[in-house]
């Protein structure tokens, strides 16, 4: 065992590799960065926010070699004891994180058509990392596995049975690593018994989802077979009547591919505001009186509140509502507006606590006492992946959840 073991966490996206290096003993981040623009002339590597390093026309293995070189420069290469990979979709094959083997890779490849943009990139990262670090144990952490505890009535669509039985069409849910991390932190912050508790976690970012967590398990979530369903998001429509899309196709002559692009890339906050998918831009426009920016935010908030209240029906009790993700952690306005919609659930906002910046970390933002506690808990998916790797890799370390 290395005297100073670290975990390398890798998240390969469709055009980028996000990575971080965490101390096994404390889970403190020692190094983090992103290789972006894969397979283009503009590809670059940025570490700890420093000046970008040119990686023109690099593929995933080239980028990981560059990351490994930076590790070596910092005398960290020999300290890499474990590697954790974020995997987008596990189909119905995995209920928890697993040690990566050839068989596991084959199974991930089998379900990759369910998330082709991400899973194949994830596999490229695994293949490259196994070649670069052949002696290091590697772990796959699935974004969907936390939701494998959903009951059939929560994951089935009202479609002919053969679409589920033959094609696997069902709700899978996403942001599972975030929902799992945040719910576990909430038990401590809210002083709850995990086995007798009910939480709603609202992961709000450019992608956004709600999760109902009952007694430590996901029992309902807003995203579906793909990350398109549920809340309105930065550029995604969220829930939309399929009949409306069929009517648009008929009236405009657009193809299925055209409409997939519309609901994934041209809708949501961007589509309604006509201004931006960035909530920070829209909040500024809100205060300047931009009518469609205000309408986009109001629609976003209405969808969040409606899904939070609806997901509460999957719980036996409601102890807390937790905001996380880039918007959930940082937007005072969105939290305020959502909570104003949820008075029916017994929520009362502490206005001053809600105004505290995210640098204050985990914090309760409802008045005391409150029928339902409302809190902000910054997510840390990298730490959750590292903790899973530490646990599965049998590395002894004084860390929570391990």
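Including glycine, each Cβ sits where the backbone N, Cα and C put it.
If you check Swiss-Prot, you get these features:
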type	residues	note
BINDING	11, 18, 175, 203-207, 278-280, 326-330	ATP binding site
BINDING	11	Mg(2+) binding site
BINDING	86	substrate binding site
ACT_SITE	143	active site, proton donor/acceptor
SITE	175	site 'Transition state stabilizer'
SITE	236	site 'Transition state stabilizer'
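Structure coloured by features recorded in Swiss-Prot.
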{"residue": "11", "record": "ATP binding site", "CB count, 10 Å": "25"}
{"residue": "86", "record": "substrate binding site", "CB count, 10 Å": "22"}
{"residue": "143", "record": "active site, proton donor/acceptor", "CB count, 10 Å": "26"}
{"residue": "175", "record": "ATP binding site", "CB count, 10 Å": "28"}
{"residue": "204", "record": "ATP binding site", "CB count, 10 Å": "25"}
{"residue": "206", "record": "ATP binding site", "CB count, 10 Å": "16"}
{"residue": "278", "record": "ATP binding site", "CB count, 10 Å": "14"}
{"residue": "280", "record": "ATP binding site", "CB count, 10 Å": "12"}
{"residue": "327", "record": "ATP binding site", "CB count, 10 Å": "25"}
{"residue": "329", "record": "ATP binding site", "CB count, 10 Å": "20"}
What recorded positions among 86, 143, 175, 206, 329 are found with a C-alpha within 10 angstroms of that of residue 236 (site 'Transition state stabilizer')?
206
Which number gives the other C-beta atoms within 10 angstroms of the C-beta of residue 236 (site 'Transition state stabilizer'), all protein chains shown included?
27
Which secondary structure state does DSSP assign to residue 327 (ATP binding site), in the simple three-class scheme?
helix
Would you mind pulling the DSSP three-state label for residue 175 (ATP binding site)?
coil
Residue 86 (substrate binding site) and residue 206 (ATP binding site), distance between Cα atoms, whole Å:
18
According to DSSP, does residue 204 (ATP binding site) fall in a helix, a strand, or coil?
strand
Would you mind reading off the Cα separation of residue 278 (ATP binding site) from residue 143 (active site, proton donor/acceptor), to the nearest angstrom?
24
